[in-house]
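What follows is a single structure, written as structure tokens, with notes after it.
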Amino acid sequence: MSDGHVPVNFSDPRNYSKVLKSDVKEALFPDDPFRQFRHPSKLQQFKNGLSYFIPMVEWFPNYTLSLFKFDLLSGITIASLAIPQGISYAKLGNIPPIVGLYSSFIPPLVYAIFGSSKNLAVGTLAACSLLIAQTIEEKVPLEQNPTLFLNLVFTTAFITGVFQAALGILRLGLLVDFLSHSTITGFKFGTSTIIILQQMKGFLGYVHFTSKTDVVSVIGAIIRNWKEWRWESTVLGLVFLAFLQAAHYVRQKKPNLFWVSAIAPIITVLVGCAIAYFAKGERHGIAIVGHLQKGLNPISIHNLNFDPKYLPATLRAGIITGIIALTEGIAVGRTFAILKNQQIDGNKEMIAYGFMNIIGSFFSCYLTTGPFSKTAVNFNAGCKTQMSNVVQAICLMLTLLFLAPIFSYTPLVSLSAIITSAMMGLLRYEEVHHLFKVDKGDFIIFLAAFFGVIFVSMDYGLMMSVGLAVVRALLYVARPTSCKLGAIPNSNLHRDVEQYPDTVTIPGIMVIQMGSPIYFATCTYLRERILRFIREEQEVTAGNDIEHVILDLSGVTAIDMSGIGALEELLKSLQVNSVKITLVNPRIDIMEKMQRSKFIDKIGKESVFLSVEEAIESCQFSLSTSKSKSNDEHSNPNTV
């Protein structure tokens, strides 16, 4: 190497325990959660650790009345939304409506203690409500044993909580990343579609309907039971839906009037109750919710059912809905945290969701998370801390103690209108167009989730989409990108010759950039790809053979024995044709394994460089030297 060049570090490889410790730390603790315990004071270490595991310890001591004013307003606002949504989504999942109200009392209190998001509003999810009902009804039909059905719903919430908390404690949140944006979008569109179709029972005033969720069964039920249609219910439902959509339109046009959309559902419920009570709606085919008993959540821990006969159904429902709830809650929390320049810990959020579902299952609650609609209302209402969830819980407590019987007159058609309006708000067609325009592969994954959900079932639709996404990811893994580099004129930069056609290449030297790990799944392909690069170059520039292949390893993050074996095979193949291999900037892990396997000795330490420029400079010198020797031999035939 010429003067001024920084030498490559060929120090002895680190021991395995040190490497393993570093890898485990990066995999499970990228945010370095143990920094709280590095304070010199033991007392401060304890306080930091307590605030890490219980975020309320950190923010509550500094809580002020001025903050409470904002949280009080936002808490009352989301409580007004929680009441109709709780009743609606519970009915959607064939769960007693009162359980929907219970689920907005205990879980928000738990989240206020363990949750790290200042903006998240706790509530139930429509898709999860329907999915739980669909999965459990396959094993225990609601009509045959409603008590067992409800107990299995509580058991599902408990299993969901254990699963979510375990993911957070073990810091395995990366599993949620397998649900891609296109999968979530397709699932959201599919579930919204079938949920809207399911509401035809309420809009049409039907008494009999199907419990299945696929679109064929739902449309079939609408056609079969047409004689049960009541026009009064349809008219009332359309009026309510028009009112809710108008309120939603007002919020879109004037964001400052967010409260109009927030209170519209509770107004719909109260007006519906008045109509049903004074106009004797039941006589005109307008069904109502029915009796809602006053009182706080009864204990349900003794109702949890782990009978092996039913456990597969509750496990399936708990894990699938747990993943969906985590994905929605964490995504929503991060979205609104960014708007306030705040940070939330995904693993701590998983633990918080887990605890609130575990504790909720002990007090007659079913699955809860952080839904987008309630969180958006909470954010727009000006919430400052998790105290808004406490206010919501207190409002629900007062409702359960004193106002629950009033909501027993709620018409089912008003709940159908509320659910339909909420689902229509999730159908953002610009997202689908954006997927189609940007990435056709993502669009196909979206279609798999969408059609799987509406024609088969929600869980199978989700699995179909995830499976297709995993296959696509495996193709990315097995066929990684690599490219040939050339020099950008008048600069020291080397870039992809296909992307930058004006780049300049040096005859006899080929620079190839590797952009992925070299291991058993990729090594054969990468070796063949490099050889094909060389063949193609020699075919284009006939008579100008490649003498040096420079491999830029800056983007290679890992290598295994299969990868090293492939490089050795490549070295042998090239040496037959007198082609030399030069390496550029291998990372420390790569360098250590190459040293241990003696691969560095085979190519020579002088063939490893820190930059592409230094490698090209050395190869050019080698080329000029070999040409000089060749010219001398031709001019003096007697030279040995």
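Glycine residues also receive a Cβ, built from the backbone N, Cα and C atoms like all the rest.
TrEMBL: automatically predicted annotations, no manual curation.
Quick look at what TrEMBL annotates:
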type	residues	note
DOMAIN	499-619	domain 'STAS'
TRANSMEM	148-172	transmembrane segment
TRANSMEM	229-250	transmembrane segment
TRANSMEM	257-279	transmembrane segment
TRANSMEM	317-339	transmembrane segment
TRANSMEM	351-369	transmembrane segment
TRANSMEM	389-422	transmembrane segment
TRANSMEM	443-471	transmembrane segment
TRANSMEM	504-526	transmembrane segment
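Through the fold, the transmembrane segment (148-172) approaches residues 28-29, 93-96, 99, 132, 135-137, 139-142, 300, 303-306, 310, 313-315, 317-319, 321-322, 325-326, 347-362, 364-367 of its own chain, all at least 6 residues removed from its boundaries and within a Cβ separation under 8 Å. In terms of DSSP helix, strand and coil, the domain 'STAS' (499-619) has 59 helix, 21 strand, 41 coil. Long-range contacts of the transmembrane segment (229-250) within its own chain (CB-CB distance under 8 A, at least 6 residues past either end) are made by residues 202-206, 257, 260-261, 264-265, 267-268, 271-272, 275, 281, 284-287, 411, 413-414, 416-418, 420-421, 424-425. Here the domain 'STAS' (499-619) has a mean pLDDT of 89 out of 100. Of the ranges 257-279, 443-471, 504-526, the one with the most Cβ pairs under 8 Å to the transmembrane segment (317-339) is 443-471. Sequence-distant neighbours of the transmembrane segment (443-471) (same chain, 6+ residues past either end, Cβ-Cβ under 8 Å): 127, 130-131, 134-135, 178-180, 182-183, 185-187, 189-191, 193-194, 213-216, 316, 320, 324, 432, 435-436.
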